[in-house]
Amino acid sequence: MLGRTLREVSTALKQGQITPTELCQKCLSLIKKTKFLNAYITVSEEVALKQAEESEKRYKEGHSLGDLDGIPIAVKDNFSTSGIETTCASNMLKGYVPPYNATVVQKLLDQGALLMGKTNLDEFAMGSGSTDGIFGPVKNPWSYSKQYRGKKQQKTHGEDEDSNWLITGGSSGGSAAAVSAFTCFAALGSDTGGSTRNPAAHCGVVGLKPSYGLVSRHGLIPLVNSMDVPGILTRCVDDAAIVLGVLAGHDPKDSTTVQDPVKPFMLPSLTDVSKLCVGIPKEYLTPELSSEVQSLWSKAADLFESEGAKVIEVSLPHTSYSIVCYHVLCTSEVASNMARFDGLEYGHRCDVDVSTEAMYAATRREGFNDVVRGRILSGNFFLLKENYENYFVKAQKVRRLIANDFVNVFKSGVDVLLTPTTLSEAVPYLEFIKEDNRTRSAQDDIFTQAVNMAGLPAVSIPMALSSQGLPVGLQFIGRAFCDQQLLTVAKWFEKQVQFPVIQLQELMDDYSSIFENEKLASVSVKQR
């Protein structure tokens with residue numbers, strides 16, 4: 001069951017082939033067995049089993065709530081969950097239990113989804129490796145896959161297997177690993193500069209960043225209010241569309257959400273792409289891009305062309321300024337948002353009682369790691385009275401130019417843009433930590449952050465395995481609020497490339513049973 005898509009499992013639940021409790025227990029046992037991946041910070045076993053019991057009653061009475069009823073999901077630990085600790089992987093919020101649910105969490109629970117737990121991340125979602133939280137780094141399930149191990153053994157002998165594991169990407173690495181390792185069918189991430197798409201590409205799953213304003217941010221602990229969007233991680237495009245259909249729409253608690261009613265996201269099966277125009281931004285061909293990702297990117301463009309789509313090179317002239325512009329705006333908003341963690345109302349509070357100022361300072365020094373403190377310092381520098389015009393205001397103007405670049409390209413008749421998601425496939429942890437967080441984030445967000453500044457929808461789709469046997473994802477970018485069109489194109493692409501299923505049999509017996517019993521299912525997963 002665990003290898004199937006969300007929709008297939010939903011059908012199996014409706015037909016009584018499996019009960020929500022059995023499904024929940026399967027996922028829980030797999031979560032325990034894959035504990036070493038460090039994907040989860042909190043496993044909400046009792047909550048999930050209780051929800052499964054309620055779901056089971058509904059199925060027995062023939063009153064299922066919809067496609068998500070009884071489906072195990074996971075939530076990144078920067079979304080508030082009522083009665084369940086929410087830490088943002090920081091000492092500042094260790095032990096903090098919110099009194100309310102984030103809107104997106106509530107919407108999933110209202111549809112009968114089972115909350116398996118809260119997933120690991122970089123502290124306060126600042127990073128691109130999921131290596132900087134206080135609960136330690138997340139390990140990429142592909143480090144243990146037959147595909148990667150097989151390729152590695154040919155090359156190296158006698159190297160320490162255990163120290164060579166790969167990062168998941170970030171900052172939603174826990175959610176990506178949880179979906180990739182079959183411990184849940186969908187997970188929530190957040191995406192401020194690429195935090196859902198980057199780990200999706202590294203873990204071989206689908207990572208969707210919806211249009212800004214389509215999905216409520218209420219209860220998502222903010223990093224950058226003007227760019228944060230809840231993200232969706234699933235194993236196929238259809239599943240992402242189902243979840244988006246549940247999450248999208250106006251929320252009175254988030255004034256930045258769209259007012260118009262949102263129709264359900266049913267994805268038509270695209271058979272003919274001849275009317276489609278795909279743009280390839282020439283500025284995204286950077287020297288740092290690995291030759292393998294570049295060649296897969298070209299292959300994808302050729303695939304569209306060979307099926308009759310119009311593929312044209314386009315220009316986003318302000319691309320080279322975007323990462324610097326993003327850094328100024330991001331750190332400025334971070335500095336403003338992090339001011340709320342002062343030790344007074346919630347979260348960590350130090351023991352210093354000399355004065356209020358000393359208490360503030362000590363609380364923040366103990367509560368935040370270097371990365372978060374560094375971004376707060378940068379942001380406060382940009383917001384100083386004497387710097388404000390030169391940095392913050394100027395960056396806002398550049399942001400407008402970047403957004404206009406996209407507007408102009410879409411006005412010229414382009415339907416979607418096709419770009420890489422990441423510069424290369426996942427790298428080993430020991431390699432990754434040679435660079436500091438800021439350098440890494442600047443490199444890793446290069447293809448993803450401009451989309452956040454422009455508020456557009458984008459999705460990373462796994463395309464193929466690299467020569468090392470690791471997943472490579474490509475990104476599709478759509479017009480604002482044309483999320484359905486974007487996903488329809490992505491679904492067509494997914495069907496064409498038939499990305500292979502991760503093979504984790506060597507890891508544990510449970511997985512062999514997933515695949516032995518699922519020979520048919522894994523084939524049907526590929527063909528969707």
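All residue numbers here begin at 1 and follow the chain in the order shown.
The backbone N, Cα and C atoms fix where each Cβ goes, glycine too.
Please treat TrEMBL annotations as automatic predictions, because they have not gone through curation.
Copied from TrEMBL, the annotated features are:
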- 25-145: domain 'Amidase' (DOMAIN)
- K76: active site, charge relay system (ACT_SITE)
- 167-487: domain 'Amidase' (DOMAIN)
- S171: active site, charge relay system (ACT_SITE)
- S195: active site, acyl-ester intermediate (ACT_SITE)
Under 8 Å by Cβ from S171 (active site, charge relay system), counting only residues of that chain that are 6 or more apart:
L121, D122, A125, M126, G127, S128, S130, G189, S190, S195, P199
Secondary structure content, the domain 'Amidase' (25-145) (per DSSP, counts of residues):
47 helix, 19 strand, 55 coil
Hey, what's the Cβ neighbour count for K76 (active site, charge relay system) at 10 Å?
32
At a 10 Å cut-off from the C-beta of S195 (active site, acyl-ester intermediate), count the other C-beta atoms across all protein chains.
39
Can you check how the pLDDT averages out over the domain 'Amidase' (167-487)?
96
